[in-house]
Amino acid sequence: MKKAVILFNLGGPDKIENVEPFLFNLFNDPAILNLPTILRYPLAKLISNRRAPVAKKIYKELGGSSPILKLTMAQSKALETKLNQTEIDSEYKCFIVMRCWNPRANDVIKDVQSFNPEEIILMPLYPQYSAATSGSSIKEWRDVCKKNNYHVKTNTICCYPTDQNFINAHTKEIIKKIKDLKNFKLIFSAHGLPEKNIKKGDPYQWQVEQSVKKIVENLNIENLDWILSYQSRVGPLKWIGPSTEDIIVENSKLAKHIVLVPIAFVSEHSETLVELDIEYKEIADANGCKNYTRVPALGTNEDFIKAMSELIIKKNEYKFSENLYPPKIQCPSNFKKCPCLNYE
């Protein structure tokens, strides 16, 4: 039986000239700017044009392009191998769909049709669900399938914030970095979100908190000094906090060894390689930090690949509703943006 796995990620510009078009795609997404097209399009043009110079400097730090596609391809290859080794009576093929740059859903659907699967599994590379990330990617894929009159049995793994293999992957990476440390502050850093999104029922912050809670329990370190914070704030809106930058400043002044964990990113990209590794380290150094360590994103970590593989193969064990498979976790009823509570 042929099965196609669609891996969703954000994407990133493949050269400096594509930074502004990438930003436009990001801000032209209704899940990011919830405005009518007639207003959203020109505003996305304006924002992307104004932010392009700073963003270009960031990508120049990375050699002129984002590494996210190459790294996602490595994850895709590892997952495809694991799936085919584990479930030998099925033929799995993984396809990458980026939301804001290539490869886009409109192009990838042609490759999926050529593969001619009997089943499609949608797997966001976002462990914690947000309408702005997983939700947007899933909707785009469904819209493209509808536009192309493509109807195949499709199942969705909406999120996996407390999956044990995912938790184990983070735990092991953290232990590698802290096993010989003393007087350190473990800072779990996730991408921020405007407070208004959470108030409208987005479960992202709650799910991030559940991930961190499980990892801390799994570490099982007495009197562990840890905190969850949020990075990458932009614009005038009030964002969820506390901010990672503020926490770094505070603990640098206390002469703590800073240990950063990117809890919501599973691939290295500008927010980890530049924001965490360069910009925040400079802030830490300027405030007296003597030691600064960053735990890597999970990438092709064996436990993370196992997590995705088992989520796909064993999905019927935690089936919530027709074609929707959350991993043994249900968001509280006030999070109306959660697909488990608002399933079509």
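Here the Cβ of each residue, glycine as well, is placed from N, Cα and C on the backbone.
Listed features, source Swiss-Prot:
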BINDING   HIS191, GLU271  Fe cation binding site
| message | Helix, strand or coil by DSSP: which one applies to GLU271 (Fe cation binding site)? | response | helix
| field | Sequence-distant neighbours of HIS191 (Fe cation binding site) in its chain (C-beta under 8 A, six or more apart) | value | TYR230, GLN231, SER232, ALA264, PHE265, GLU271
| Under DSSP, is HIS191 (Fe cation binding site) helix, strand or coil? | strand
